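Take a look at the structure below.
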Amino acid sequence: MSKLQIIQSKGQYINGEWIKGNGLILESTNPASGTLLWQGNNATDEEIANACYVAHRALKSWANTSFEERARYTKAFVEQVEKNREQLARLISLETGKPLWESQTEVSSVIGKVNLSIQAYQERTWPKQTETAEANACLRFKPHGIVVVLGAFNFPAHLSNGHIVPALLAGNTVLYKPSEHTPAVAELIIQCWHDSGLPPGVINCLQGNANCGNTLLSQDIQGVYFTGSYATGLRIHQQFCNRPEVILALEMGGNNPLVIDEVKDIDAAVYHTILSTMITAGQRCTCARRIIIPDSQTGDLFLERFAKACKLMRIGSFDSQPEPFIGPVISHVQALKHLHAQKQLIEMGGEIILPMSLLLEYTGLVSPGIIDMTRAKNPPDEEIFAPFAQIYRYNHFDEAIQLANQTRYGLSAGLLSDNKDHYQQFYQNIRAGLINWNRPTTGAASSLPFGGVGCSGNHRPSAYFAADYCAYPVASMEQPLLTTPVQRLPGLVLE
């Protein structure tokens, strides 16, 4: 990529305007080539404080805007995304390394999220009224106020959108800090909001690294919506330990299990396992990290075909031909981190079946890896965010469930099995927020809640249930005319 193709940042988006930043240089690169893609600035403390100020100033008017009017703005946003569909998909692929086919599905998810969010708000936070003998019992919902959305790099448009849209529909104003790996995607998304006619100050975008994020969280805010690693989520939780009035919605990934039962269609099991482990270069929080297979002929045959399919998998830049199944991990630094994690597992007794290897220097391109950890001693309960699968063998189904539950996390879990009774046993005993049967662990629907238990979250599921953490309930007993009760309580004399 030549220097002429480098995207120069529009700046920070504050109060409906792009303001050229004055902070330290911030850059994003194409992880498939290592070349510079976007250049801008970290938000300064003053810019962050100013964004918070204008979000507060815009709050009252926005919160008092009718739901129908707020929904109209979100639909106008969808129209802008539709107009920029091809550009947005290409930008996602350039900045994350995803194949173009996958980026196109992400753009479709962004578009589809709005109507689902409107429906969810109307179902979960719509006003209700019940008449009693003495008064009207009313339930209404109010926005929290100014909420911070911290974006993730793996779905830079869709995951942030899954917080922003419900927050705006509920009447909150938003301070959005995208992942420092995907600032260009964020700028285009914010431009779509700008072109929708959204009032100034309702959404503000601040680019920056973790230090900018910390400064942002120290402001006068009422909510934080985060998708990312457990380590970062834990730090956010600790940062707000003395501010219980701030609502936190934390989605923090997992060390997800996929159990392979005795199945007739081995190829189907291999296919769904690949979609569970390797899609998005293993960079989905619902990716299966641990594949639990029977210690039998079925298990041997499955593992042989799984390894062969991973070895033959096409990996490369999004514009490669023929089209790849996966691209790189998000950066060269992360690729080296994952390779180091693989080395540590080998030192613990893991047996390499297919080594994960760096395919091109100075990039995030790595090949899929498979390691058998059955005989390893005390394997770490950590999420390796890469195309890398750990194999564990079991002798009976009860043992498979026991192995699956050996994690402090609890986001997703899956079972590939022709046995309905085994699925019922699996479902009843597995502790996870998403439990799939004969579907990839990465399979999820925006019409359902999305979240985990344990160290995977703090019981604030997103997707269809995002409306729940974007507004708080207000219960009211109301009577239009002040009257004295006919029957008064004993012991009171009114003259």
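Cβ atoms here come from the backbone N, Cα and C positions, even for glycine.
What Swiss-Prot annotates here:
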type	residues	note
ACT_SITE	Glu251	active site
ACT_SITE	Cys285	active site
BINDING	Gly228, Ser229, Tyr230, Ala231, Thr232, Gly233	NAD(+) binding site
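Other than the site residues Gly228, Ser229, Tyr230, Ala231, Thr232, Gly233, same-chain residues with C-beta atoms no more than 8 angstroms from the centre of those residues' C-beta atoms, the NAD(+) site, are Leu234, Arg235, Met252, Gly253. For Glu251 (active site) paired with Gly228 (NAD(+) binding site), the C-alpha to C-alpha distance reads 6 Å.
Its own atom aside, the Cβ of Thr232 (NAD(+) binding site) has 16 Cβ atoms within 10 angstroms in the protein chains shown.
The least crowded of the recorded positions Gly228, Glu251, judged by other CB atoms within 10 A of its own CB, is Gly228. Around the Cβ of Ser229 (NAD(+) binding site), the number of neighbouring Cβ atoms within 10 Å comes to 15. Taking the Cβ of Cys285 (active site) as reference, residues of its chain lying under 8 Å away and at least six apart in sequence are, in sequence order, Asn154, Thr227, Glu251, Met252, Gly253, Gly254, Glu383, Leu411, Ser412. Among the binding-site residues Tyr230, Ala231, Gly233, the residue whose Cβ has the fewest other Cβ atoms within 10 Å is Ala231.
Classification of Thr232 (NAD(+) binding site) by DSSP places it within a helix.
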